[in-house]
Amino acid sequence: MERVHLTAWLALFLIVVANATPTPARTPTGCPADCTCSLSQHTHKPLYHLKCNSTRGLRLTEKTFQSTVPVHSIDLSHLNLTRLSHLLDKLPELTSADLSHNQLKDLGHLGKGLKRLNLKHNQLTSDKLRKLPQHLQVLNLQHNNITHLPLELTHMHQLHQLELSHNAINCSCQTLEVRNWLVERIVYMEHPVVCSYPLEFRGRSWLQLKQDEICKKEKYQWFDTEENELMMGDQPAAVSAEREDEEELGKDFLPIVGNPAATAKKVRSPQIPLPSDQVEGSGDLSETNMELKLPEETVAEPEAAESQLVDAAASPSVLEEHIVKDEDEDDEGSGSGGGLLIIPDPSKVKITSEDDIDSDGKPEESDVRPLENPENSENPDTVFSNKIGIYEGDQEEKKPVEEDNIVPVVMTNLDTGLESDVVTDGPLDSSKESEDILTAKIGKPKDDSSAIYYLLAVIGLIVVGLVLFVAIKRCKYDSNAAARDAEAQRQTELLDMDKKQLGKPLHKNGHGNGQEHSPLIGEKTKLDEAQIVKKPYENGEAKDGAGQQPLLNGNGSANGGTKEAPETGEPAAHEYYPITPRYPTPQSPRASKYAQQQQLAEQNNNEPDGAYLPSSPKSGRYSPVYSPETGRVKIKLTETPKPKTPMLVTRSKSNAGDIITTPVRPIEPTHQVINGH
């Protein structure tokens, strides 16, 4: 029984282990021959990676490769492939291909869905890069035969990684244009690109070169080369053409009996075939056929000169058409130089005997005579006078057609500003740049315009900030003007005196509890020490009547004296105490001097009790316009009464209309002596 349980537990353990261990993916039944299909790692869904040892299996597959798990990558490296045809078209879901370490010279057709492509260690040239898919994201082109970068690379808008090292890169103006696009798109390069050409920049990174400098240098180098050729007096292409003409003419004229193919060259001045000669535009090849048949008739019997002249005269129209064509080609500046070389030798041209034979000046007979008379071919003057396009007589008047629009463009410099009339693939508008160039050049003007706009925006923000700063400072300055004005800090309009309050005691001065709502005397400040305050009167001289009332502005009694406190310390019911400063005021010697002399020497308003009034504003408790003791009251000079010393007065009007002001005499209490004892 125990053995049965042990076997059951062992079987259960094996089942659990088998389920927990990941089994390798099966090779699909439809996997191509010579290929291994494996499950890719680090993918969200199952995808197959195809590793092939040859392309035989993919070529034998007639239809699209189908399997339950799609194939997203393939490895065809180290197979010595020279060309890749439509093999990758059979894998529609392919996104990555490794074609490295082959001998590929042409890519063929690649899938449009490719995202990653490895082409290092191949033999690809720059022209083959135009066939690359435009949706590539990662491209490796190391160790190839790439010399420059075509503008078609700027169409790969999804490209974010590119490798171009170990290539003989020519850092030309066009290549640097593509470089600017790559830098603008922030395309990552692990290995730097080193320039191989121009020679003066060999070994330098292409990031160190400026496109404007290279473009200008290429243009200047071309102009310098053209000037040097002009200074030499000849152009290489024209000189070589003239020498070849002389050699060909010598070969044609030296042999008396030659084959028709050799004699056919005399009809047309031999030179390098031009595009205008190859494609005439008329579509008629009859002239070419007649040109080939003409030597057969003239060279049939080389010894019979007279018969050949008759045959040549019998068909003048054929020769006339060809001569006109040859003359047009020479006049178009093809570079043969035949006309320019014959002009200095008119005498030598007239020596020939063919001119005397043909009285009408027909060039056909003169063109045929050198073949009949080999003795005349030895004279170089005779050869050049009749074979390079210089005709005597009135042959120029017999031009049946004029083809001035056909201009040879062999010597046209494509880098100069000259317009070209040659049509290669289709109609080209020289005033418009191609879309590739516009796409590649759109980066730099955009950067310049955006930089200008950013600069203007920054300047505008600075100006607006300065204006706001000045405005805020100005507002703060205006708002603090009142705070800086000492007289304008606490402005309170002085109201008219309420005469109903006069005569009331202090504790009933308009308030039931005898307390002021706000203190009339503020805190002592530094200005208090600067005020000139009269020294208090002596105790014996300070006599304040019991019925005298203080002023409402808090300046105390009229004479500025203080009430002597009773000895018992208990004030009488009818006594009041004027408001005195909280802190002792400094005594001035001048104030004390005036206080001692005012009782004897002065009388105010003819009153005997005028001693209680100060003789001078400086000696009494004079309240100026602004005082720390009355800081919250502002009195204007035009509103202050005369005399300025506050006192209790009575005003009356005389018969003459004058106002008479009389100070009220203080009432001396009768009980003051009793309380003193």
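Glycine too: its Cβ is placed from the backbone N, Cα and C atoms.
Values in this document were obtained by computation on a predicted structure and should not be read as measured data.
The signal peptide annotation in Swiss-Prot covers 1-20 and rests on sequence analysis.
The feature topological domain 'Extracellular' is assigned by Swiss-Prot to 21-451, with a curator's inference given as support.
Look at Swiss-Prot and you will find ASN53 (among others) tagged as N-linked glycosylation site, backed by sequence analysis. Taking Cβ-Cβ distances under 8 Å and a sequence separation of 6 or more, the neighbours of ASN53 (N-linked glycosylation site) in its chain are ASP34, CYS35, LEU79.
Residues annotated as N-linked glycosylation site in Swiss-Prot, with sequence analysis given as evidence: ASN80 (among others). Mapped onto three states, the DSSP output places ASN80 (N-linked glycosylation site) in coil.
If you look at the repeat 'LRR 1' (91-116), the same-chain residues 6 or more away from its ends with a CB under 8 A from one of its CBs are 50, 64-65, 70-85, 122-125, 128, 131-133, 135-138, 140, 158. Taken from Swiss-Prot, the feature repeat 'LRR 1' covers 91-116.
Annotation source Swiss-Prot lists repeat 'LRR 2' at 118-133. Helix, strand and coil residue tallies for the repeat 'LRR 2' (118-133), in that order: 6 helix, 2 strand, 8 coil [DSSP].
According to Swiss-Prot, the repeat 'LRR 3' annotation covers 134-156. Per DSSP, the secondary structure of the repeat 'LRR 3' (134-156) breaks down as 5 helix, 4 strand, 14 coil.
The N-linked glycosylation site annotation in Swiss-Prot covers ASN145 (among others).
Proximity of distant same-chain residues to the repeat 'LRR 4' (158-183), defined by a Cβ-Cβ separation under 8 Å and at least 6 residues beyond the stretch ends, is recorded for 115, 120, 135-151, 189-198, 201, 206-207, 209, 211, 214-215, 218, 437, 440-441, 443-444. Annotated repeat 'LRR 4' per Swiss-Prot: 158-183, in sequence order.
DSSP assigns ASN170 (N-linked glycosylation site) to a strand. Less than 8 angstroms from the CB of ASN170 (N-linked glycosylation site) sit THR147, HIS148, CYS195, SER196, TYR197, PRO198, each of them six or more residues away in the same chain. Annotation source Swiss-Prot lists N-linked glycosylation site at ASN170 (among others).
Beyond its flanks by at least six residues, the domain 'LRRCT' (184-216) meets 142, 147, 157, 159-173, 175-177, 443, 447 of its own chain at Cβ-Cβ distances under 8 Å. Taken from Swiss-Prot, the feature domain 'LRRCT' covers 184-216.
Annotation source Swiss-Prot lists transmembrane segment at 452-472.
For 595-607, the entry in Swiss-Prot reads compositional bias 'Low complexity'.
For ASN145 (N-linked glycosylation site), the same-chain residues that are 6 or more apart in sequence and have a Cβ closer than 8 Å to its Cβ are GLN123, LEU124, THR125, ASN167, ALA168. Using a 10 Å Cβ-Cβ cutoff, ASN80 (N-linked glycosylation site) registers 9 neighbours. Only residues 6 or more beyond the boundaries of the repeat 'LRR 3' (134-156), in the same chain, are considered here, and those with a CB under 8 A from a CB of the stretch are 100, 112-127, 162-170, 172, 174-175, 177-179, 181, 191, 196-197, 434, 436-437, 439-440. In terms of DSSP helix, strand and coil, the repeat 'LRR 1' (91-116) has 0 helix, 5 strand, 21 coil.
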